[in-house]
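Accompanying notes for the structure given below.
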Amino acid sequence: MAWQHKDLLGLRGLAKQEIELILDTAAPMKDIIGRDIKKVPTLRGKSIVCLFYEASTRTRTSFELAGKFMSADTVNIAAASSSVVKGESLIDTGKTLDAMGTDIIVIRHAASGAPHLLAKHVKARVVNAGDGAHEHPTQGLLDLYTIKERKGRLEGLTVTILGDVLHSRVARSNIWGLRTMGAEVRLCGPSTLLPPELAITGVKVFTRIEEALEGADVVNVLRLQLERQKKGLFPTIREYARQFGLNQERLKRCKSDVLVLHPGPMNRGVEIADDVADADFAAIEEQVTNGVAVRMAILYLMMGGSGSGAVH
């Protein structure tokens with residue numbers, strides 16, 4: 001099976017077989033990362049531009065390494081050091097990159113829908129690296145990959161997403177991906193940080209952490225996105241940690257083989273305790289490694305690849 005879309009803008013609307021294609025392709029990519037010489041000629045001669053209008057460490061570096069491991073020419077553009085500061089529009093920036101022969105544009109933007117707008121106006125393939133509070137599809141995919149790698153399956157699992165769901169594009173991509181793959185999804189957080197419209201997606205919504213964790217196979221912990229919040233959504237950070245922070249005692253309500261995820265960056269002692277973040281049942285560093293593999297798979301498939309040809 002080959003990738004049938006020009007762009008990857010979100011997980012909402014992707015078929016189960018399309019998600020499986022990406023996850024299956026990521027496995028041999030992870031083998032490449034484990035080699036002493038992390039280089040294959042798969043995308044030699046192809047150009048990838050990472051266009052980031054928001055700060056990023058993990059996602060931007062992950063995409064850059066993913067391209068370089070497959071021999072693509074990878075360029076990073078920070079909006080603060082580009083013509084954006086001179087008033088250039090997103091569409092004009094995209095057309096400029098098109099004119100330079102760019103094959104793939106990886107974009108992160110504060111405005112929901114920005115990657116969709118860009119994709120309509122450029123010939124280059126577009127990958128959404130996070131748009132506002134809308135979606136973060138590659139993070140969702142790497143979370144799915146990590147769960148499947150640890151648990152052996154996705155279907156039938158109970159996954160609790162805990163924290164600031166209202167402002168989280170990661171939560172939305174996880175919801176769509178997990179639901180498509182047959183998992184039960186629970187959301188938990190203060191009522192002020194739980195968007196009511198997500199209840200219609202078929203997920204279960206909780207405001208008591210003890211109920212949300214009962215029998216969970218996986219807990220995906222979200223950080224408080226204070227940079228996106230208005231005041232008054234919860235009393236204090238200390239109070240939030242007391243009511244919704246994930247600690248060892250609360251984890252006793254989960255399955256004995258529970259898996260803990262966190263998309264990073266972590267606020268230790270707020271949404272997650274140190275002894276949880278550093279435990280063997282947490283796969284937080286694995287998520288970072290798997291992120292490179294999943295993004296390699298996406299870039300490879302979007303450039304027409306299929307099968308295991310990328311590993312040679």
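Cβ coordinates are placed from backbone N, Cα and C, and glycine is handled just like the others.
The carbamoyl phosphate binding site annotation in Swiss-Prot covers R58, T59, R108, H136, Q139, G264, P265. According to Swiss-Prot, the L-aspartate binding site annotation covers K86, R169, R223, on the basis of sequence analysis.
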Among R58, H136, R223, which are binding-site residues, the residue with the most C-beta atoms within 10 angstroms of its C-beta: H136
R58, T59, R108, H136, Q139 filtered to the binding-site residues whose C-alpha is within 10 Å of R223 (L-aspartate binding site): none
Cβ-centroid neighbourhood (8 Å) of the carbamoyl phosphate site, R58, T59, R108, H136, Q139, G264, P265 excluded: S56, T57, A129, G130, V170, P263
Whole-number Å value for how far R169 (L-aspartate binding site) lies from T59 (carbamoyl phosphate binding site) (Cα to Cα): 13
Whole-number Å value of the largest CA-CA distance among R58, T59, R108, H136, Q139, G264, P265, listed as carbamoyl phosphate-binding: 16
Candidate binding-site residues R58, R108, H136, Q139, pick with smallest Cα gap to R169 (L-aspartate binding site): H136
Assigned element (helix, strand, coil) containing H136 (carbamoyl phosphate binding site), judged by DSSP: coil
Of T59, Q139 (the binding-site residues), the residue whose Cβ has the fewest other Cβ atoms within 10 Å: T59
Structural state of T59 (carbamoyl phosphate binding site), classified by DSSP into three states: helix
Nonlocal residues around G264 (carbamoyl phosphate binding site), in sequence order (Cβ under 8 Å, 6 or more apart): R58, R223, I284, Q287, V288
Same chain, 6+ residues apart, C-beta under 8 Å of the C-beta of R108 (carbamoyl phosphate binding site), given in sequence order: L51, F52, Y53, E54, S56, T59, R60, A129, G130, D131
